[in-house]
Amino acid sequence: MENFQKVEKIGEGTYGVVYKAKNKLTGEVVALKKIRLDTETEGVPSTAIREISLLKELNHPNIVKLLDVIHTENKLYLVFEFLHQDLKKFMDASALTGIPLPLIKSYLFQLLQGLAFCHSHRVLHRDLKPQNLLINADGSIKLADFGLARAFGVPVRTYTHEVVTLWYRAPEILLGCKYYSTAVDIWSLGCIFAEMVTRRALFPGDSEIDQLFRIFRTLGTPDEVVWPGVTSMPDYKPSFPKWARQDFSKVVPPLDEDGRSLLSQMLHYDPNKRISAKAALAHPFFQDVTKPVPHLRL
């Protein structure tokens, strides 16, 4: 740790404080995440160390690179490449004008490339949200915190007792499914896609039941026809109100037919029928994809 000089605190992640830091030996600027675990007393679980070490092998231009894992005195520090801004801050800064569609398309395409890569290595994210999608001035966007959920679990609250957001959580997780798949990440990315387009969160729930009901009000309450097996999921209740599905042209008005088609496939209730990242990359929506540069106010 003595090799790093902390420059400033960037923010509070799910698991601990994140600092901008400088490697004293190389001059490289990095993001330093201190992982606060409940098991501080017993030290860091060896399973977590093993999981995290595997992530050093995940090399892809749309994945934030884990440069190093430093394990000292019951504390764990993760050293990541440094990026300028997260998508949440960028969306907030672009709230008046909106993000131009070519940039939205580029971001979605790049994120799907990152997902396809991780999913092909059987690594899930499980907690995708605009805060852990990081952007650079050159038009790149990268997925951060990949694999941390499996190593440390997804807590209900962060170490500072902030509630971990449910807005991007897939319905199978909300309905208590214990065994979920890569499809949970596609759902989250679909919600983020819609948010970039409309400039507001698609399903901003404030509790698990509110989250589910917001999804149901938009996509219709699922039944055995659209989602075989849904009625036997642990948290499914036959007493759920029966809402009808809304037309997607009302849900994401700025999107063209290709965009709506892709979004509806990313938000398919049945995880087995939800489009994969690899298939999404071949969708007609991306036939004219480019890589524009964002106007960053840093």
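In case you wondered, yes, glycine gets a Cβ from its N, Cα and C as well.
The N-acetylmethionine annotation in Swiss-Prot covers Met1. Around Met1 (N-acetylmethionine), the C-beta neighbours below 8 angstroms that are at least 6 residues distant in the chain are Ile70, Thr72, Tyr77.
Per Swiss-Prot, the feature N6-acetyllysine maps to Lys6; the stated evidence is similarity to another entry. Around Lys6 (N6-acetyllysine), the same-chain residues six or more apart in sequence whose CB sits under 8 Å from its CB are Tyr19, Lys20, Ala21, Leu32, listed in sequence order.
Taken from Swiss-Prot, the feature ATP binding site covers 10-18, Lys33, 81-83, Asp86, 129-132, Asp145, and the record attributes it to sequence analysis. All protein chains included, Ile10 (ATP binding site) registers 17 other Cβ atoms within 10 Å of its own Cβ.
Here Swiss-Prot flags Thr14 (among others) as phosphothreonine. DSSP assigns Thr14 (phosphothreonine) to coil in the three-state reduction, placing it in neither a helix nor a strand.
Per Swiss-Prot, the feature phosphotyrosine maps to Tyr15 (among others).
The phosphotyrosine annotation in Swiss-Prot covers Tyr19 (among others). Tyr19 (phosphotyrosine) falls within a strand when secondary structure is assigned with DSSP.
Under DSSP, Asp127 (active site, proton acceptor) is assigned to coil, being neither helix nor strand in the three-state scheme. For Asp127 (active site, proton acceptor), the Cβ neighbour count at a 10 Å cut-off comes to 21, with all displayed protein chains included. Marked as active site, proton acceptor by Swiss-Prot: Asp127.
In the three-state DSSP assignment, the secondary structure recorded for Asp145 (ATP binding site) is coil. For Asn132, Asp145, the entry in Swiss-Prot reads Mg(2+) binding site.
For Thr160 (among others), the entry in Swiss-Prot reads phosphothreonine, with the evidence type similarity to another entry.
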* How many Å lie between the Cα of Gly13 (ATP binding site) and the Cα of Asn132 (Mg(2+) binding site)? -> 9
* Structure fact -> Comparing the Cα of Asp127 (active site, proton acceptor) with the Cα atoms of the recorded positions Ile10, Thr14, Tyr15, Gly16, Lys33, the shortest distance belongs to Thr14
* To do: For Lys33 (ATP binding site), just count the other CB atoms lying within 10 A of its CB, please.
  => 23
